[in-house]
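Residues or ranges marked as active site, nucleophile by Swiss-Prot: D9. Summarising the annotation, Swiss-Prot assigns active site, proton donor to D11. According to Swiss-Prot, the feature substrate binding site maps to D9, R10, D11, D17, D18, G19, Y20, T51, N52, Q53, A54, R108, K109, K135. According to Swiss-Prot, the Mg(2+) binding site annotation covers D9, D11, D134, K135, on the basis of similarity to another entry. Marked as site 'Stabilizes the phosphoryl group' by Swiss-Prot on the basis of similarity to another entry: T51, K109. Under the heading site 'Contributes to substrate recognition', Swiss-Prot lists R108.
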Amino acid sequence: MKNRALFLDRDGVINRDDGYVFEIEKFVFLDGIFELAGAAKALGYLSIVVTNQAGIGRGYYSEDDFFRLSDWMKGVFATEGAPIDGVYFCPTHPEHGIGRYKVESRFRKPNPGMILAAQHDFDLDLGASLLVGDKESDIQAGSTAGVGTTLLICDRDASRVATAASAVVRNPRDVIPFLTGPGPDAGSF
């Protein structure tokens with residue numbers, strides 16, 4: 001039997017998006033993220049991070065900085081009883097990347113490359129999986145890959161949000177009901 005995954009974007013889903021976060025002391029977890037990851041784990045989902053990291057390509061920080069922060073983040077999740085099973089990232093940017101990072105990539109969202117790589121690595125049933133993002137590019141990547149449920153985190157009224165997502169939620173905690181079905185009143189607050 002294939003595995004199910006909870007795909008999580010990083011900035012804006014796992015942590016507050018303060019723009020190119022790469023320092024541990026500036027990394028602020030969003031309320032409810034550990035409850036979400038713990039609930040997913042209890043239901044047999046793998047938790048997989050899929051994140052564009054153009055700050056590397058722009059020269060704001062290094063891949064080593066990203067790995068250091070990711071290792072720390074994974075350690076915190078493990079301590080909270082909600083381990084992260086995989087982290088996929090794309091450091092390139094087609095317009096603003098520097099040197100080898102200035103390229104188009106099938107891994108950069110909205111392209112589905114990171115999700116498809118995880119599908120291969122973890123033998124995933126994408127149709128039975130969920131993706132949570134805070135940008136339409138996250139939703140597009142999930143939809144293109146065939147992820148069954150895509151959820152957009154947004155603090156605005158869902159009726160005012162134009163999105164292709166399955167539903168709009170306010171925070172990570174609001175995703176939990178979707179792990180077992182379509183969720184309560186999908187698309188509304």
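Each Cβ is built from the backbone N, Cα and C atoms, and glycine gets one as well.
Using a 10 angstroms CA-CA radius around the residue listed as 'active site, nucleophile', none of the recorded positions in D18, Y20, A54, R108 qualify. The Cβ of D134 (Mg(2+) binding site) has 19 neighbouring Cβ atoms from other residues within 10 Å, across all protein chains displayed. Remark: of the recorded positions T51, N52, the most isolated position is T51 (fewest other Cβ atoms within 10 Å of its Cβ). When the recorded positions D11, R108, D134, K135 are ranked by how far their Cα is from the Cα of N52 (substrate binding site), R108 comes first. In the structure shown, the C-beta of D9 has more C-beta neighbours within 10 angstroms than that of any other entry among the recorded positions D9, D18, A54. The residue listed as 'active site, proton donor' has a Cβ environment of 19 other Cβ atoms inside 10 Å.
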